[in-house]
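Sharing the features that TrEMBL gives for it:
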REGION    167-186  region 'Disordered'
COILED    325-437  coiled coil
COILED    531-558  coiled coil
REGION    594-635  region 'Disordered'
DOMAIN    655-705  domain 'Phorbol-ester/DAG-type'
DOMAIN    725-844  domain 'PH'
DOMAIN    870-1142  domain 'CNH'
DOMAIN    1214-1227  domain 'CRIB'
COMPBIAS  1247-1262  compositional bias 'Polar residues'
REGION    1247-1375  region 'Disordered'
COMPBIAS  1268-1283  compositional bias 'Low complexity'
COMPBIAS  1307-1323  compositional bias 'Low complexity'
COMPBIAS  1325-1338  compositional bias 'Basic and acidic residues'
COMPBIAS  1339-1350  compositional bias 'Low complexity'
Amino acid sequence: MPPPSHTAFSGHHLPFVGFTYTSSCVLSDRSCLRLTAGPPSMDLDASIQRTLEDSLATEAYERRIRRLEQEKLELSRKLQESTQTVQALQYSTVDGPITASKDLEIKSLKEEIEKLKKQVTDSDHLEQQLEEASTARRELDDASRQIKAFEKQVRTLKQEREDLNKELAESSDRLKSQAKELKDAHSQRKLAMQEFSEMNERLTDLHSQKQKLARQLRDKEEEMEVVMQKVESLRQELRRTERLKKELEVQAEAAAAEASKDRKLREKSEQYSKELESEVEGLKQKQVGRSPAVSYIEYQQEITKLKADLEKKSVFYEEELSKREIMHANEIKSLKKELRDAESQQLALKKEIMILKDKLEKTRRESQSEREEFETEFKQKYEREKILLTEENKKLSNELDKLTAMFERLSMNNRQLEEEMRDLADKKESVAHWEAQITEIIQWVSDEKDARGYLQALASKMTEELEALRNSSLGARATDMPWKMRRFAKLDMSARLELQSALDAEIRAKQAIQDELNKVKASCISTECKLQESEKKNLELLTDIERLKKETEELRSEKGVKHQDSQNSFLAFLNAPTSALDQFEIDSVENFTLSNTPSRDEDTKSHLHSRSRSPSTASETEPIEVMDHPPRSIHTPTMKTAYIGSGLPALKPKAHQFVVKSFNTPTKCNQCTSLMVGLIRQGCTCEVCGFSCHVTCADKAPAVCPIPPEQTKGPLGIDPQKGIGTAYEGHVRVPKPAGVKKGWQRALAVICDFKLFLYDIAEGKASQPSVIVSQVIDMRDEEFSVSSVLASDVIHANRKDIPCIFRVTASQLSASSNKCSILILADGENEKSKWVGVLNELHRILKKNKLKDRSVYVPKEAYDSTLPLIKTTQSAAIIDHERIALGNEEGLFVVHVTKDEIIRVGDNKKVHQIELIPSEQLIAVISGRNRHVRLFPMAALDGRETEFYKLAETKGCQSIVSGHVRHGAFTCLCVAMKRQVLCYELNQSKTRHKKIKEIQVQGNVQWMSVFSDRLCVGYQSGFLKYPLHGEGSPYSLLHPDDHTLSFISQQPTDAICAVEISNKEYLLCFSSVGVYVDCQGRRSRQQELMWPATPSSCCYNAPYLSVYSENAIDIFDVNSMEWIQTIPLKKVRPLNTEGSLNLLGLETIRLIYFKNKMAEGDELVVPETSDNSRKQMVRNINNKRRYSFRVPEEERMQQRREMLRDPEMRNKLISNPTNFNHIAHMGPGDGIQILKDLPMNLRPQESRTVFSGSVSIPSITKSRTEPGRSMSASSGLAARSSAQNGSALRREFSGGSYGAKRQPMASPSDGSLSSGGLDQGSDAPTRDYEREDSDSPRHSTASNSSNLSSPPSPVSPHKTKSLSLESSDHVSWDS
């Protein structure tokens, strides 16, 4: 029977009954779930069991807490009862005898009560500790779950490690196979090397044979020369014999003449003798009578004497004649004999020459055939080897790709393993931390158990004692409870046993976890070692692959597969344009090889570093057509230039071997000493002696190679007639872009071709100047000057540097105040004086020789920079002489530059490009965020409301261009979008356009234009022409067969623009060079256009090409290829295709107009502008699209005060009277008639603006006055006339022609003033004048004032800057 004072035993008093653990915890005696659950099929049941056990454990904790609370309540109740009983016992009988034993019991009971109170408080602490233990238990459960997750990760790591081991084994097998393949490749390479060595041996044999043949050829040539010398000597002897023969013939003729004279003398003597005989006979007859016998005898004797003399003479002459004839016959025989011998020798020599020619032809044919056979054989072998090498390269590249992929995989795996190792190390640390916490918790639980047992025993003892006390005091029955004590002891033992088993299980689980962690660590270390080994192997393989690549490249280089620049390469050997003899006689033939790419080795022999390409010299000589055409060799029988490869051997022993070259530093021509300007291919260099010159100077170069040193270093100087050459050069310093205050930077300065070139040099001692010209100043400029500076001019410069600084000045804009000035710091004062002296002397020579100023454009500011529209302008177009269309961020605006009126066209946003199409009366724009193309009629430019036509397919448009097709039959509009071009026909339909074609381009469209029924499209490194009507295939303007243009495709370069010079020739402008081609795309001119600096864009206005760069605009004549002008404006961007309107992006953004001096009239009438103006753009009241400029009132007043302070200006305000009709009295209606009598057109040089600066356009165009303002009769007349015809203002009052020159405007400080408006007489004070003008910002008074006593001033210089935008004419014109 249980004790009667208690209820039946329910087990609630046992504190450790229900102590549970999770079955999956490693601290349990069942070890982990994986070992107890058996096969993996039990995982689900185990998880269910685990959740059930977790829920049971939480319920057990809750039950235990409830039990403890109940025990606390019972203990407090018992304590109260015991105190009550003690008090009852103490105060029940006050007078009764109290024994000493009872007092002792009471004291002991009190002490026990205090102890029990302390124990109750301790039990409260124990409850709190129990709650903390429950939370620690939950954390322990979480840790156990994390440990399970770690176990899963360890299993996955093991599996991944096995996979890695497998992959490593596979990679080792692959490496072995690759090593075998490498060995095979090595063997194949050895075989290839053997074959190559054999081929080299054969090649050396062939070279030796070639040399033998060359020696034989030289011997034959020497023999030929000897034979030719013999023939020449024989010919000279023949000439001598002929001369002797002629002399003998002359002598024979003289002898014959003498013989004929002798005969004549004989005949004469015979006749004379006959006459004498007849006379003698006559005398005989006469003297018959006188001594006939004596006279007859005398006569007879005389006759006989004469006969004897005659016979002697005749005999003598006959003998002489016979001797002479015999001598002549002998000489003729000897001469004939010599002639026959000479002819026989000549025939023999001719036969020998024929034989030698046959032998030469045979040797040529044999060598040609042998060479062709050798070439074919070598080509076949080379192709085979090339195929083998390419296959090997493909295999090696594939293997390399595989190895790199495998290496990347392994490195990725390695990185993952390292990360997992780090995670494992972190987990290990956390596990150790958890273990320490678990041991602490176990220790704390065991202590708690001991304390709980002690407390339980004490509580039971106290209850027993209390019960005994109560029973003894109340006389209750005695109770004996040994069974309860035994029960408590049994329960304590069972709890201890359970705790011991749990602790042992936890220790075993910890040991197992430690073993597993050690195993994982060992496996990770082994995998790291293997990974390191694999990385080493991969590195070795990569080094082997690099070595193999190098060996293959070496093999290729040895076999001749070299860069095309290499002259001795096999490809150059095959592609050489010379004949067989030229091929075998390299030393005696000038081989001109064209390098399509820049030469890799710098010119070591030419020491003159300067700039390379002076277009001024480029046009002096005829271009050599043959230089860049090696396949087209020209055979010249007499002489070979250095550019022409002929089939005949050269007469000169050596000539230059010129190669087109790109120089990296500024270089001077060794021939003309001018700079070779350009970015690439600036000139040509001899490969033998390093002689560098322009392409056009190559034929003028000295013919001897190498050139003697005294000829290479010629004196510097400029030809004063042609303006060619370099006068002076040296290193100077120029201010940094931020100004002198920031310091100076080094530069190379060269005075060449009457220009000052400046090249920037980067910081550093070894740095060289680049070929890009940073600045060019032309000495032909009218404003050019050189001068020293003062300390006040360069306030930020160092005081020591001021004596070494000089200034070079040139004009920039047309205004006299706007000049381009450069400060230059020389190395010393002497150097500065040299520079200043050279520049001044050259400028003096230039003025003395009066060299022609070749400048074309005069830059002017097109409109006042205060107009806010200019700052964001993207594009512009000139509509007519007075109107400009501006497209900017806000939309499309039309600015009337002379009337200061602005009209907005449409509601566009951000206009990117404007294209005027006057033939269709349309204007096309690219606008909006999506860059659509919209078409507006021209009527919209006048401010009228018109509808526009949007081209829906043109989203993302880059550029547009229009042109006439079929000789003006219709107009075509082309729209470019990346690689696509849409072509539209503009017509009179409702939508005004019809799509006719869609063109796909090879690359992104960089430029396009319409050339004679074809669309020319420029893309990277090329131009294509597409037919616009009908079908047809496009053709390139760079012919693929023209090797001289292949450098463009080899080095990608942007297409900037193309120019149609004629229907047979085009100029193609790329970002590095400009080339001339014919209609088939072949090079038409040897010379190329060279850019001084890197171009950003090009514009063409026939025949001038404007090339825009960062610091200047360079103008070229495309016909003569001359560089004729440089405009030194920085950061200029063209706004239209002709380049006439530009945007200057400096501190003040300006709209610049390039006036063409060569044109007959101005394309645009440019008004005078001012930087000090404070104009404001104001919308017109009457029209929402019309705007005007309004000047602030205080600015106008200030300008007038300044003018009135100046006596000269005040005198000019009132002009002298020129017409006295206004003095006559007039009635109320006679004002207009009298005004008609006033002079409408004064002197031409004095005709100025008709209306003052205060006349508003609306008051004129609407022919009414604004409210509150008075209009004079003359302004009313002007209003009526302008309402009838918009141009009547200019015709009626100024009478000037449209294109005539305008008078210069007043300076900005002059201000503006209304010349009329004095209502109180000619001597009205100035305050009235000011009051009249200050009524409103805009006035309507005309310049022909209503006050007749002060006629208008024809020369009023104060009508400029402050004109409101409505003033009808900013300037009037000369008649």
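Cβ atoms here come from the backbone N, Cα and C positions, even for glycine.
Can you walk me through where each of these features ends up in the structure?
Secondary structure of the region 'Disordered' (167-186), assigned with DSSP and counted as helix (H, G, I), strand (E, B) and coil, comes to 20 helix, 0 strand, 0 coil.
In this model, the coiled coil (531-558) carries an average pLDDT of 84.
Residue counts of the domain 'Phorbol-ester/DAG-type' (655-705) by helix, strand and coil are 3 helix, 13 strand, 35 coil (DSSP-based).
In terms of DSSP secondary structure, the domain 'PH' (725-844) contains 22 helix, 53 strand, 45 coil.
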If we skip the immediate neighbours and take only residues 6+ beyond the ends of the region 'Disordered' (167-186), which ones have a Cβ under 8 Å from one of its Cβ atoms?
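Residues 392, 395-396, 399, 402-403, 406, 409-410, 413, 530, 534, 537, 541, 544, 548.
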